[in-house]
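Copied over from TrEMBL:
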- Thr48, Asp49, Phe150, Arg167, Gln216, Asn242: urate binding site (BINDING)
- Thr48, Asp49, Phe150, Arg167, Gln216, Asn242: 5-hydroxyisourate binding site (BINDING)
- Thr48, Asn242: O2 binding site (BINDING)
Amino acid sequence: YGKNTIKFLRLHKEGKKHFVKEVEVCAHLRLTSPQEYLEGNNSLVIPTDTIKNIVLVLAKKNGIPSLEQFAIDICNHFMTTFCQVAYVKTYVQEVPWQRLHEDGVPHIHSFICVPDGIRFCEAEQCRNGPLILFAGIKDLKLMKTTQSGFEGFYKNEHTTLPERHDRILCGELFCKWSYGECKDFDFDCIWKKIRECILEAFAGPPDCGEYSPSYQKTVNCIQMLVLSRVSQVQVIEVVLNNTFYNVVDMKNLGLTNDKEVLVPVEAPYGSCACTLGRKKFFEA
């Protein structure tokens, strides 16, 4: 049981300059006894309102140096404060506020919400067990208007999809990775580096791009690049929900539409998912 959707803004000031972190937290506990379920005995139950207040107090006292560290702080607090807690799981996601710039000069106290992916993390711990940490990015919308196709796929009497060697590749990406053994990492730096890997693998070189023969191959390229460059990541999951675009037929309007006006296919949509990890992690 626990408390979901604990939303708050943490404002930090350094002189005239302001810093903000707006987050949503879910904190769930499992107790050493199920007596509240089986017997209606609430003597061990930490009220969910108390859970919410603890999260807010930790934000006030410790700040939010990174999403991952804040999730770790929450887990540590419940494990060290309450002997009846057998397991704690914390989910934290961030509202993507970015500092405003005017003529290249950063504003001291103004921000803009930019929908370029939502950062999140999960931390979970059993009593007397290791703390397990995940991080990720979701709702990251990506598109490239060429250098993508889909050919040579299996066909039977139910196949109506034509082969395409030049199409728009567009999708909403979800990516989640595991750090394995949690150490004193620079989580902000790692998250930014992984996001850069995602964008690079998706788009290819800026002057020419890179051909994608399928959504599946693009997912794998993202995972391989992250694992090759970020040694702290042990396992990475990527889900790419596809958005298809159809070329509008304008013959009846007396026009030739050479892939200049397209409409999105809202539903149904395809989805590709893959989990990839280091061999040593799975062997362990």
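Cβ coordinates come from backbone N, Cα and C, glycine included.
TrEMBL: automatically predicted annotations, no manual curation.
Sequence features annotated in TrEMBL and their locations in the structure.
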{"residue": "Thr48", "record": "urate binding site", "Cβ contacts under 8 Å, 6 or more apart": "Tyr1, Gly2, Lys3"}
{"residue": "Asp49", "record": "urate binding site", "Cβ contacts under 8 Å, 6 or more apart": "Lys3"}
{"residue": "Phe150", "record": "urate binding site", "Cβ contacts under 8 Å, 6 or more apart": "Leu161, Glu163, Arg164, Arg167, Pro213, Ser214"}
{"residue": "Gln216", "record": "urate binding site", "Cβ contacts under 8 Å, 6 or more apart": "Cys272, Cys274"}
{"residue": "Asn242", "record": "urate binding site", "Cβ contacts under 8 Å, 6 or more apart": "Cys170, Gly171, Tyr215, Tyr269, Gly270, Ser271, Cys272"}
Cβ atoms near Arg167 (urate binding site) (within 10 Å, other residues, all chains): 19
